[in-house]
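J.: Below you'll find the structure I mean.
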């Protein structure tokens, strides 16, 4: 901002420098003119002077050519003071004021840029913190989902295992019941066949009058038929 404003004030500064030189050169030329006209006027008023006066005037004129710069000059001092005050006011209006304003604007711009940078840094830090918290929340959610999935998988596996065990146990119990029922049915049929066979043998014994040898033979035959009866209840005397 300061660099952009400086070229705009260059013409004003040049004008001020020119005005200052003119103001300084003006009193000097006026004083020199007064010094040059003063001896001529004095000579015009004293034309009847003698040779002695002429010699003294020449010495005075010769001495008047040397200007004493250390001699007090109130008029020049007042004029210089007025010029200095005017120059100070002009410089304050056209140079120092804009320069001070440019420096103030530059400082304000830098301060604003610094504040914006601090604000952006704070926003970036806040966004980073929010992102970190969101990542932690996502990680927690993923961990919870994984744990829940593991629990469900373990529960499903245990449920299927228990169901398989229950089915196997039920099948075993059903097979045991079927085997026991078949066994009882076979024994019942065996008992029925045995009873029928015993009745048949007894009827044959009663129908015949046999001796001891015949009775022994019939008992042996009955025993063989009992042994020949299978689990399905089939068999008997041929």
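Note that Cβ sites are derived from N, Cα and C of the backbone, with glycine treated the same way.
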J.: Please identify the range among 55-75, 76-96, 97-117 that TrEMBL labels transmembrane segment.
T.: 76-96
J.: What range among 33-61, 120-148 does TrEMBL record as region 'Disordered'?
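T.: The listed stretch tagged region 'Disordered' in TrEMBL is 33-61.
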